[in-house]
Amino acid sequence: MSSTQFNKGPSYGLSAEVKNRLLSKYDPQKEAELRTWIEGLTGLSIGPDFQKGLKDGTILCTLMNKLQPGSVPKINRSMQNWHQLENLSNFIKAMVSYGMNPVDLFEANDLFESGNMTQVQVSLLALAGKAKTKGLQSGVDIGVKYSEKQERNFDDATMKAGQCVIGLQMGTNKCASQSGMTAYGTRRHLYDPKNHILPPMDHSTISLQMGTNKCASQVGMTAPGTRRHIYDTKLGTDKCDNSSMSLQMGYTQGANQSGQVFGLGRQIYDPKYCPQGTVADGAPSGTGDCPDPGEVPEYPPYYQEEAGY
């Protein structure tokens, strides 16, 4: 199997755009620093081409054995493609056991086929930072040292004392008082200089719109159930008293059911519909056809039966 079997052809369209964008993020300065760092630890030369020098995985596996001895027990020196891919897979597994984050890893094809050299560079920089965190001393200052946990153990007395402390972000309550505050229930004057309203002279009064609950009572309030007169100054209507109730509002004082009849007929009297003369079915005729409002009417027998229910 030839070494060109895994090589891809040129990219076009969106694939070419994505590849060019990844290549634009590749930093040659970081590559030079990684080259110096790897060659200084392993003692092996990478060569002029960074990708081709690390493609077989032998230098990377040697690097992991320097950082963590025995992490890659077998290194394949063969030029076969699957042997080189096996070396890269063993190197990636060794980085995981070394404590690398999964998001910082690269795939074997990213280096073997030069698919994403930017991710390879990011992974090697993260590996250098992890080695610096674990105390590795090298002649090249490369990588970012990871922060360490700062754990503190406090006893119960210290924890309880901390509950009485207010942090600086919360402000302070030292010498806190209510001096200068408006008294409860007093006036809070609203004024506007544009409307020529004078500023408040004191804080001891409260406006009518704000109300007050000081010495609150119902003096001057309209009695429940009394008349509330609605008037309009534009129409010339005058204000009335607050002691009467209109007919539309009803009347509930001394209400009872006296004078009401339940179950009986309610005769409606109208002179227009009560003609003088004889009426069929035994109804009274003449001037007495329609009884006066004060007289008791005579009802047909079926009215009497209806009243008996």
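Backbone N, Cα and C atoms are what each Cβ position is placed from, and that goes for glycine too.
Copied over from Swiss-Prot:
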DOMAIN    28-132  domain 'Calponin-homology (CH)'
MOD_RES   S2  N-acetylserine
MOD_RES   K8  N6-acetyllysine
MOD_RES   K25  N6-acetyllysine
MOD_RES   S138  phosphoserine
REGION    283-309  region 'Disordered'
REPEAT    166-191  repeat 'Calponin-like 1'
REPEAT    206-231  repeat 'Calponin-like 2'
REPEAT    245-269  repeat 'Calponin-like 3'
May I have the DSSP-based helix, strand and coil counts for the residues of the domain 'Calponin-homology (CH)' (28-132)? 72 helix, 0 strand, 33 coil
Can you see whether DSSP assigns K25 (N6-acetyllysine) to helix, strand or coil? coil
